[in-house]
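> Before I ask anything, here is the structure I am working with.
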């Protein structure tokens, strides 16, 4: 034991010495790594997807030490302080259009995020400390990214998914803020985590006005660490992505095609972002730009080619490969350094192609500005998710309502049906994960499922259902479902009824009448794995983004955020309500006690005393009246009441003085 | 004329209208199950009594979760296991039909028990009046079968019908309260203890009924104040005629002790049953927190016909605890003064307690009002000279018609605001308060009048004795003759006249 320990210490020492002694460049190569990549993809609805991918890596601390040159210190400290195993934070504005931008590819599954802020984290702490770590983490991130992530601290805002969200349950916490506005103050701290910030490399393209003019904008930070595993291999991997969907301004194309309106807009990096790349970030290990052409586009281009030119299929298949000539549908301004072809396509008729551009040899005087010109019009559609999902509210009024989740089959699921017809019973597995805030009081027993408009028994469709109902002002309601839908269905819908809660006056946000947001539900299809396997022509170049695409991931999509209007009390009324209610209570108490207190002969005595009093009063009154009548020209003098009031007041004053004197004496003797 | 026919067939008259009311309910439940959507009305179903929440709790329990998980169900676990299975057959289109039947039966039994209580009350009343020597008064009160009236008021009250159709569990709570009163009236100690324990288990407030129940068991049914009997002992022939009634006055401790023993036994039994039904999920602590804790700490701020929801939605958090204590203590404050003043009328005391708690409880519904309005019918003879009865009637009607309108304006149309609805709740509370105060004061007045009447009767009897010595003995004295007689105490005529006139009215 002691021997092994000494050996270990020796090993550490040697490692330390070696890391000290070796040169700077070598250290950088062996230890920390930073890569920057940009993926551009033309979208069917005349837009362009640009996806920045930055990855920083640091080796485990026990082999590398605490000092870093590239890796952001803030993240390193965050990981160590809260013992984070995995974390993902995303800031999103806009909604990913699953129909026209794709729902099946890796980017749609991992980078299409719900609007606002979404955060989930897995901690490597005992289960009872997870909540405390989460709370501290939200505060730290809120400070780090200038966002109100600290609202996720309250137990009503986050939840602990049981099994559906991720396989690593238990220490996972999930929370989202649908209404968080995302803007440049969130992007700047995010850019600060990059070694070159936005001063050099691909991040130079991030011109704020053009980014925030886009249709969709999602900035994401994903971090994994195995620092706390017994055998740490990878250290911390920080992956920062920025996904933007931009509408390119139509460039002046040299295409002489007659119907230029049908032509997709051509674009270049300078037209998209208004900036060009001066060269790579000096600290980056690799710096690449990719242009992805989707499989169905390749397929359709082949078709158009055939139609127009009447070429053979075999030759046409060659076209996209070296399609920079005058014959192709499109062309680049710069010749790509490499071309990668998808090997295992889900689409039998098309395979996507990835063109790679290295920007190592560009510099300030020779900036990199990739242009993409369309020569021929072509239409295509993206690979959609197995089902088209939408969620909406039903009912009117502010008392109750229902959430409906509608799942409609797409061409894609119908093609599966054709493929799986030989099996006896084809099922499509759909996982639903939905978090509902506590003021939406869901009646889970009212769950109803309709397939093609016909109500179905729950047992036939729901394979597994776990619910943790919401608790007022404590926790949100979480619903996790596994649905087994028949493949041949056209549409399915799931409805849940709810009552709207009534909040305390302080719990309403400043704009209470705007309504409250229900966070997006997550729909995933575990039967389908999104994976784009590219056959690289040059195996030596390893791209983290391409390897990320090759990972097996479950296809998932987010639904819409729902806006629920809640009734409001009158915010200006608290004092009135308190006083009026207390008056009613006083009325009750006083009158009932009075009724009980009255004695048998009391009324008579009361009447007698009243008579006496009224007699006196009447006497005074009659005196006064006679005086007034007797001398009507005189102004009605108030002498008798005033004299009486004087008389009374002198008595009262005497009494008050007496009491004051007693009190004074008491004080004097006591004090 | 009507009276004579009713007298001919009192039995037929009562049963036919009772059956008609039940038939009306059944028709409404079976043929209009969804058109009359009373179950979602905030006036009918509160977070505690709502059957929809009970169904959710039952669903949670069936999917092996605690029924109290989430803030949906706040009722008793026993109710869950009894009514829960009845809520299941909803998917077959018959929406809660079985539950509706159960509530109709509960309503019917409640009405029958109220009738039985009323009959006993009347017998006791006549007896005590006879013992006071005011036989004439007792004859007048025979004209009003207060038990029949009370039970028919309960059955035909639109509030009861709405509650029954609205699928809220308050008919069962009402049944338990009435059952305990009936048990105490008939001195069936175990039954009284059972009703009291279950009622307090279902909704916390019937706990305060322990005082009227103990008084009922200990000293018997409602009687005029004890002082009168003591006064009567000065009369010489009193001892002869009312030897038996002296026992009534004595407070017997033995049944009271028995009552408490039975109550603790029942409570233990109920708790054991609850613990068994909640064994797998959570203990009794959770149950108390979710039922009694929910009632006491007004957590749910959804609108109802009470006043507390809006108050606690608006009050500053800093004062919340203070006002919670103040409002709950308001109920307890009145318990002792009322018990001191009305200890000779335990049934009326129970009515006042029920009315007060239904005004001030955290989640009131019209079902509670239905119960105390039914019980009010029991004292129709004594409360004949109550003031403002027409004003109260129109007030109840007005607020109950306005409340849905205001709710609709606020919640559904969005043209009104919360103050509109709160104003009707406020008016409703005020009318209820006036009803309670007026009924208490008129009951006290009635006792006073009885006392004066009794003294007058005593005087009259003295004079009769003198007259008997002079004239031939007669079997009865008519009113005309009585009026024509000359007594030294002419003063005593007036209260008696007023009293009899009032009773006749």
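Cβ atoms here come from the backbone N, Cα and C positions, even for glycine.
Grabbed the feature section from TrEMBL, which reads as follows:
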- B:12-32: transmembrane segment (TRANSMEM)
- B:95-114: transmembrane segment (TRANSMEM)
- B:175-197: transmembrane segment (TRANSMEM)
- B:204-221: transmembrane segment (TRANSMEM)
- B:256-278: transmembrane segment (TRANSMEM)
- B:290-312: transmembrane segment (TRANSMEM)
- B:318-340: transmembrane segment (TRANSMEM)
- B:347-363: transmembrane segment (TRANSMEM)
- B:391-412: transmembrane segment (TRANSMEM)
- B:418-437: transmembrane segment (TRANSMEM)
> Is the transmembrane segment (B:204-221) in contact with the transmembrane segment (B:256-278), using at least 3 Cβ pairs under 8 Å (sequence separation of 6 or more) as the test?
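Yes, since the transmembrane segment (B:256-278) and the transmembrane segment (B:204-221) share at least 3 Cβ pairs closer than 8 Å, they count as touching.
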> Tell me whether the transmembrane segment (B:290-312) sits in contact with the transmembrane segment (B:418-437), defined here as at least 3 Cβ pairs under 8 Å among residues 6 or more apart in sequence.
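Between the transmembrane segment (B:418-437) and the transmembrane segment (B:290-312), which are separate recorded stretches, there is contact, as judged by 3 or more close Cβ pairs.
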> Can you work out which residues elsewhere in the same chain, 6+ from the ends of the transmembrane segment (B:418-437), have a Cβ less than 8 Å from its Cβ atoms?
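Counting only partners 6 or more residues beyond its ends, the transmembrane segment (B:418-437) has Cβ contacts under 8 Å with 303-307, 310, 313, 352, 355-356, 358-359, 369, 376, 388, 392, 395-396, 398-400, 402-403, 406-407, 409-410.
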> Which range wins on Cβ pairs under 8 Å with the transmembrane segment (B:175-197): B:12-32, B:95-114, B:204-221, B:347-363, B:391-412?
B:204-221
> Hey, which of B:12-32, B:95-114, B:347-363, B:391-412 has the most Cβ-Cβ pairs under 8 Å against the transmembrane segment (B:204-221)?
B:347-363
> Grab the same-chain neighbours of the transmembrane segment (B:391-412) for me: Cβ-Cβ under 8 Å, and only residues 6 or more beyond its ends, written as numbers and ranges.
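Same-chain contacts beyond the flanks: 41-43, 159, 303, 305, 366, 418, 420-421, 423-425, 427-428, 430-431, 434-435, 438.
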> Within the same chain, where does the transmembrane segment (B:95-114) have neighbours whose Cβ lies under 8 angstroms from its own Cβ atoms, ignoring anything closer than 6 residues to its ends? I mean 6 or more beyond.
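The answer is 18, 22, 25-26, 29-30, 33-34, 39, 51, 83, 86-87, 89, 147, 150-152, 154-155, 160, 163-165, 167, 171-172, 174-175, 178-179, 181-182, 371, 374-375, 377-378.
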